[in-house]
Structures are given as C-alpha cells and as structure tokens.
Amino acid sequence: MVHGAETAKVENATVVADGESGQNGKVMYCVVGGAHAFILRISSFFGLAPLRFESRSHGFSVRMSNPMCIYSYILVTVLVICTVFGLVAEINVGVEMSVRMSSTMSQFVSTCDVLVVVITAGAGVYGAPKRMRNMLKFMESVASVDTSIGAHYSLVAERKLCAILLAILIFFSVLIADDFCFYALQAKKFDRQWEVVTNYIGFYLLWYVVMILELQFAFTALSVRARFQAVNDALALTARHVSVSEKVKEPTPMNMFAIQIGERREQPQPHPVIVRNTVSGEPKLIVPPCEAIRRLASLHGSLCNVVHRIDNSYGLPLIVILISTLLHLIVTPYFLIMEIIVSAHRIHFLVLQFLWCMTHLIRMFVVVEPCHYTITESRRTEVLVCRLMTSTPSTGMLPSRLELFSRQLMLQSISYTPMGMCTLDRPLVASVLGAVTTYLVILIQFQRYDT
C-alpha cells in the first residue's frame, strides 16, 4: 500500500495550513506524495501553488508560504509586462515586417490571442493563494471518505498517473518550442529574429501557466469524482446486502488525491463502513445496512460541499479559460484556413496550426470531462437510492434513512457552474463548437473584404 498523502496535527507549526488553529496551539499540515506532489511541485514553480514543501518519510509536508506568494505575484507580473510590451512592439513594426500579423485582421486576431493568455494566466496566479487555502481545507473531507470506505492505493496506478502528466507536459513543451522556433526562423528573413524572441518569450512562458492551471483543476476534479465513485460502490455493496441485485465494481485506486487522516484529539476519526480483505481486496460491509446508508449520506453531503468549494475557488479562472479556449478555437483554425486559401505552401506551418487546433480541443475536454464524470456519478447515486427505495421492505429504519438520503440528493445537486454562468458538461462542448463555426465564417468574410 502506498500512501500518497496524509493529514496530521503538529505542535508549534510556523504556518497554519488552512488559516485556522485547533485547540492547544495545534495546527494542521498535509503530507503529499506521488502524483499529487508532482502536480503541486510543478504548479508551485509556475506560481499556481504558493506552498512550502518539507521532505518527510511519506512525501512532502505542504503549507502556505508567504515568500512563495510574493514569488508568484512577481513572476506573473514580470511575464505579463514583458508580453504586453512585446505585443505593442510587434504591432508597431507593421504588417509588412511582422511574422504573425501580416494583415489588419490578423493583427486584431493575434492581439486577442495574446491578451486572452495574459488574462488567463493572471487570473490563475493572482487567485492561487485563496485556491490553495481552500484545497488544504477540503482535504480533510476527502480523507474522511477514504477512511470510511477502505480506500486502497496502487503504486502502479501512481506511476501511470505521473507518466500521463509528464507525457502531456513533454508534448506541450515540444509544441511550444516548435512554434517559437518557426516564427524566429521566419523573422530571420527580415533580420529581426532576436527581436521576435524578446517580444514573444513572455507570451510562451505564460502559456505554460495556463496549461498547468487547467491540469491542476482537472486533477482536483477527478480526485473528487473518484470519491463519489467509491461512495457509489459502497452504496451498491449495501444494496447487495439487502437483497437488491446490484453489481459491485472493482475498487478504483485513489491515487489522484491520496490522503490518510492522522490521529486527532479534538475530533474523533470517522469509523469505517467497509473493510477490505488484505489478500483478495474483496470489500466487506461491517455495519448494518441502515447505519451504512446514514454514513454514506453524510459522506455524500461532505463531497457535495467539496464540489461547491472547488467551484467557488476556480470560478473566475474557469470562466476565463473557457473564453480563452473559445477564442483560440476560432483564431487557430482561422490562421490554418487562411494559409490554405493563400496557398503559401508552408507545410510546417499547416502542421503546426493543426496540432494547435488539436491541443485547444484537448484543453477543452481536460476541463469539461472531469466535471461530466462527476455529474455521471451523481446520477448513478440517484439510481442506486431509487432502486433501494423500491426494493427494501417498508418496515424498520431503512426506508426512512433512504427517504432522507433521497431528499438530500434533491437539495444538493452536483455540478460545476463557474460563477453561475454555465454548467461544465458535454453539451457545453457542442455549444462551443457551434459558436466557433459561426465566428469562423464571419472572420473569413471580413478577410475577403480586407484583401
């Protein structure tokens, strides 16, 4: 068993992880490891996780760090200033000498392209301290779920998750480097390659901030979804104990947010609902079905609160990311189509723009799909509770527990609605693609009149 993270109480800590101290001067810290430590380390480097890391036996203890907050603000401010000055300098060169702005329309489109990256990165970094404080707070709710349902961790799954994250970052780095070198070589024709490098270096570094921000959100949302799935699996096991035919899935390793809660004095640890056979890993219900329903309803309510906290923490960055993705899905195909129309025969450019189109589509799915999976698990919970209500005897405490659980499900909906402006689900993808098609037609029509 590999424990990726744990929470515990320590004496005389210098920084309070969640901003609040417990009794007798004790404060909370969190120990993270594996894929969780990997994503937080990368986020910290790019200013998206202002945390202090201290090496421990099971990983790294993390807590908020004021010096890292200052580093994050300075980093993004310098990059934003460099990017804006570079954009102004490139516009002043004129369409005859610019490698990215060869017409008035492409000047407008490229300016939108650059500014939307600046706004997204700024929203992500300047709001990072608040997001990290909220993350350290809801870790305890996630840990209580793991304790109650007998969560298990897999070293193989941990390594696969790290490999996926690393592969995404390597692919994006190669794409960024290729794009950067392409425009620098194009500028060599006008003997201004170093000028292009200095004008766009900040822009490309901000792209990393945007990508890490999206991966950070997806990582967090998928970790919560894994807990909803585990609660549903426990609910299915309970249904089988009350003679409801329900298939129990294989347990899913919870490596995305691997947390083990430590011993606490102020608050008793949650009692387990399920234990697993140490040899076969077979789950076993260790409390009566009525008590299991009560505890699972409580855990489900805690996870709903976690979803609302994540939604509030990432509200503004998510809206900016969605607008950014929409604009990039318009801008990138526009440059691709215009290159085909003018027949410049730059195969490298065509391949590059096609890869960017695919990257922006993947970015959208990285944000939307974890939310869709979470909503799917919430619907599965409703189905399981409904089957239990229709199949259990009408006597005893179990029907009343199920009735309370069903009311809780009606009052606590599970969805990610950043700033109440939209719901992150697959229908949003269809709406974005429809809007992209409409605006592409308009841009191409304007380009015809511009030429």
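Cβ coordinates come from backbone N, Cα and C, glycine included.
TrEMBL labels come from automatic prediction, so no person has curated them.
TrEMBL lists 26-49, 70-88, 108-129, 161-185, 205-224, 318-341, 347-368, 428-446 with the feature transmembrane segment.
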Give the one range among 70-88, 108-129, 205-224, 347-368, 428-446 whose Cβ atoms make the most pairs under 8 Å with those of the transmembrane segment (161-185). 347-368
Which listed stretch (70-88, 108-129, 205-224, 428-446) has the most C-beta pairs under 8 A with the transmembrane segment (347-368)? 205-224
For the transmembrane segment (205-224), the candidate among 70-88, 108-129, 428-446 having the most Cβ pairs under 8 Å is 108-129
Tertiary contacts of the transmembrane segment (108-129), as residues 6+ beyond its ends and Cβ separation under 8 Å: 43, 46-50, 64, 69, 72-73, 75-76, 79-80, 83-84, 87, 90-91, 100-101, 203, 206-207, 209-210, 213, 313, 316-317, 320-321, 323-324, 327-328, 331, 334-335, 443
